[in-house]
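Student: Here it is, the structure in full.
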Amino acid sequence: MAAITAFSPRTVPTVLKHRAVHKLGLLALAAAVLVPLANARWAGGAWPDALTVDLTKPLTNASTWIVDNRDTHPLFLYFFGHVSNAIVLCVRAVYLVLLAAGWAGVTALSALVAWRVAGLRLALGTVAAFLTCGWLGMWVPTMQTLALMAVAVAASVVVGALLGLAGGLSDRLNRALRPVLDTMQVLPAYAYLLPVVLVFGMGVPAAVLATVVYAAPPMARLTALGLRGADKEVLEAVRSLGATARQGLLTARIPLARKELLLGLNQTIMMALSMAVIASVIGAGGLGDRVYQALASVDVGAALAAGIPIVLLAVVLDRVTGAAGNGSPSAEPRRTGWLYALVAALAIAVAGRLMGRLDWPDAWTVRIAEPVNRAVDWMTDHLYSGVPVVGGTADWAAHFTTWVLNPLRDGLTWLPWWSVLLVVAALAWLIGTWQTALTAVLAMAAIGVLGVWTPALDTLSQVLAAVAVTLVIGFATGIAAARSDRLERALRPVLDVFQTMPQFVYLIPVVALFGVGRAPAVAAAVVYALPAVVRITTQGLRQVDAAAMESSDSLGATSWQQLRQVQLPLARPALLLAVNQGVVLVLAVVIIGGLVGGGALGYDVVFGLAQGDLATGLVAGAAIVCLGLMLDRVTQPTERRTKKGA
Amino acid sequence: MRVRTTAAVASLVLLTGCGAADMTKQASPFANAQGSKTVTLSVQSWVGAQANVAVAQYLLEHELGYRVDTVQVDEVPAWDALSQGRVDAILEDWGHPEQEQRYVDDKKTITRGGELGVTGHIGWYVPTYFAKQHPDVTNWKNLDKYADLMRTAESGGKGQLMDGSPSYVTNDKALVANLDLDYQVVFAGSEAAQITQIRQFAKEKKPFLTYWYAPQWLFKKVPMTEVKLPAYKEGCDADPAKVACAYPHTPLEKYLNSDFARSGGKAAAFLKKFRWTTEDQNEVALMIADQKLTPEQAAKKWVEGHESTWRTWLS
C-alpha cells in the first residue's frame, strides 16, 4: 500500500496556525452548545444505552436462515453453488498441472519466467527458493498454496482491473469507488471470513473469495491511477489521428499505464500471499494450514518450516513482478530466448517425469523444527525473567501493561463519550478538512451505536501504545538507515522477513517472552508494522533535496543539527505517511492480538469465527473498521488525499 | 471477442454442470489427486484431536491404501464443513447439542459415528506444586484467599483465572460472577498461548488458576490438580447466565458425513470402529506435543506397539 501514495511538502505554517485557531474556535462553540444538551439527557461517561442498536437478533436470524436454506434455496443452488464449483475446478486444475509438472518441472519453469522478465540473478534466486521449499519437506503444501494463489490473484486482477477501468474512465464512479476500496482495505480479513464461510462453507472457495476482497483494491486503485495519469499530449495526438474512444484506450491509455498495472499486480500478489495463512483458519489447506496446525501443538519449529516457504514465495514473486514493472534487463531481443528456455524447461520437466521423480524425494528433506525449538526454548528460558539489572521480558511486559496500557485504557474509558468525539473531531479537522473530521466523528459514533464502546476504547488504547512504540523504534532505525548505506542493505532482508512472515509463527515466542495479555499483542503488532515505518522513513529522508543538505553542510551544521533542522522538517510528509501506515498496519494485527490475550474487539472477532456467532464477530469487525477509518482520517494529511487521484 | 466470452461462459456452465449445484457435495480441490482415494479428516486445535487423526490417518494410508487430507477447523465450523462434505469425519466432539439437533436429527446430513472411548472433562486447575503447599486451595470456597497470589498485570487487582481458546465451551465468566469470586477471567485467546503461559509459570513455580481439560498431554509435563466446584447436576448448566456448578464428564463422540458413512467403504467402516482409551490418546499426544515427533512418526510408534488394539478396527 505504501507505494501507492505520493506526497508534497507542506508550506505556509503561519496561515495554517490561523486556520487551526479558527477551526478550534468553531469546534469549541459547537461543543458549548451541544455538550450540556447531551449531558442533560444521558449522564455518565460511557456511551449511553439509549443510543445503541442491538443487532444480535437480526444477525443471528440471518445466519440461521443461511444455514437452513443453503442446501435448497435457488440463490445458493443456481448462483453461489456455481461460483463455488468454478473456483474448486480452477484451483484443482492448476494444482493438477503443478503436480504433473513435478518438482523439477515447476522449478525449471519458474526459473525460466524469472530469467526472462527479471534477469539471471533472480532466476537463480527462484531456483534456490523452490528447492528450499522442497528441502523443508513442504513441496505439496507449497503447490497447494500456489494453486490457490494463482486463482485468487487472477480473480483479484480481473475484479480490480474492471473496477479500476470504471474509476479511471469516469470521475463519478471514481469518487463512488474510493470509500468502498478504503473499507475493503481497512476491514480486518478475519471479520469477513465469517460471512463468507456461512455462505460458502469452510474451504477453498471461501478462502479464494476472502482473498479477492482483500487483494483486489490495490489493483483497482493503481489501474485507475494509471489511466488517469496518462500523458495528455499523447492522448491528444491519438485522438487527432481519429481513433475512437475504445481504440484510444486499448492502444494508448492502457499501454501507457503499464507501469502502474504491473505495480498493481505486484501489490495484489503480496496482499494475496498475506491472506494465505489467515485463510487457513477457514480450511484453505496448503502452507497456511501447516503453520496453523503447528501452532496447535505449540511447535514453533514446525510453524517456521511452513512459514519460510511463504516468505520465500513472497520475496521471489515481489522481486520478479517488481522487476517486470521497472522494465526488464533483457527487454528487447527476446522471442528466440523464450523459445530456447521454454524447450529447456520442458525437457527438464519431462526428464523428471520419466525418472519417476514427480514427488519431492523424502530423503532430501531437512528437519529444522527441532533445532529451532531448542533455540526458542533457550531464548525464552534465559530472557523471560531474572536477567540481572534489566529484569526479564516478563517483568517488562508487566510494567508496560501496568504503567502504559492500563492508564491509557482507563483514561480513555474514563473520558465522557462526547469528549472523545470532540477530541477526534479536533484532531481530524486540524490535519484535514471538515469532511474528514465528519467522517472520523461519524465512524467513532458508529462504534457507540453498535454497542461496543468500551471494548473499542480498550482496543484503541492498545493500538495507540503499539503505534507509539513502532514510531519510536521505526524512526530511530529509519534515520540510522538513511545515514548509512551499509545498514540499509543489511536491514533489507530482515525487513522482508518481518513483513512477510505469517504472524502465527511468532505468536508462541511472543507469548513465551511476554506472557499472556495485552503486552504480547502490542509486541506482535510492533513486529508487523515496523518494516513499513522504517522503509518510508528511510526513503523520505533520502529524498530530501541534496542542495538543501549541501548548503547546510557548507554553513557548518553538525550532523545532528542537519538532521533536526533540515532533513526532518523537509521529510515531514514522509514521516506523516509513516505514522498513517503504522496505524493502519497495527490495526491489521489487532485480531492476531486476540489470539494471545489482547482481548477486546480482536478476541470478539476470533470468538465469532470460532463459535459461528455472526452477531459477535461481525459487530466487532465492523467496530474495527470504524476505528480504522477514524484513525486513518485523523492521521492522513489532506494534501495526500487530493494528490492521490485513485 | 464476444464469441469467445460466450464460449467461455458456456464451457464454464458445462463444467459446473447445468442447473442446480449441489451444495452438500463440496469436496476439497486437493482431494483425490493423482488417482488415489482420499479421506478428509478435520483436526481440532488441541493435540488430543491431532492424535486421533494421526493414528487414523496412518492406518488409512498404510493398511487400507487411502490418501488422507487433514484440515484444521474450529469445532462449530467443523460441523458445518462436515454437513457440506468438505470434510468426511470429526473424530472427537465435546458435545454440541444445537448442532446435533440441526444436522443429525433435522437435516440428516451428518451421522453419529459412535463413541471415541475417551471421556472428556473440563474444570479449573491449579498446579500440583501449589496445591501441595496449600491443600485448601482445591475447594472453590477458599479461592478468594489466594486471589492475591494469582494476580497478574492483566487481571486488574483481582486474581487471574486464565481461559483459553474462544472456540472452547466455557461458563467461566458466569461462574466467577455467580459464585461471587474475587477473580477476573483473562482469555489467552488460543490454546497455544495458554499452554505457553502455563509452562512459563511452571518453570518459575508460580501459582496460577486456569481453565483446563482432560485428557490432555500437558498434565504429564505440568501436573495440575482440579479445584472442586459445586457439583454438576443434570441441567444445572441449562441457562448460561445462571450457571453455578462444575462442568460435566462428556463421553467424546465421532461424527461422519452421511454420504461418506453410507458409501465410504472400508474407510467409513474403519472410522466407525475406531475406539481407544485415554491412555492411548495421551501417549500419542505427548509424543507429538512434547517430544516434537511429527504426528506421522508418533502414530507409527503407537501403531507398532499396539497391534492388537487396531487390528479389531480393521476387521
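Note that Cβ sites are derived from N, Cα and C of the backbone, with glycine treated the same way.
From a predicted model like this one, the values you see are computed outputs, not experimental measurements.
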Student: Have a look at A:28-47, A:268-287, A:508-527 and point to the one annotated transmembrane segment in TrEMBL.
Tutor: A:268-287
Student: In the same chain, who gets a Cβ under 8 Å from the transmembrane segment (A:412-431) while lying at least 6 residues past its ends?
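Tutor: For the transmembrane segment (A:412-431), the nonlocal Cβ contacts are 20, 23-24, 27, 31, 34-35, 38-39, 44-48, 437, 439-441, 444-445, 448, 453-454, 457-458, 460-461, 630, 633-638.
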Student: Near the transmembrane segment (A:93-115), which same-chain residues lie under 8 Å Cβ to Cβ, leaving out any that are not at least 6 residues past its ends?
Tutor: 122-127, 130-131, 134, 139, 143-144, 146-147, 150-151, 316, 320, 330, 341-342, 344-346, 348-353, 357-360
Student: With Cβ-Cβ distances below 8 Å as the criterion, list the same-chain residues six or more beyond the ends of the transmembrane segment (A:337-355) that contact it, or say none.
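Tutor: Distant Cβ neighbours of the transmembrane segment (A:337-355) are 100-109, 111-112, 115-116, 330.
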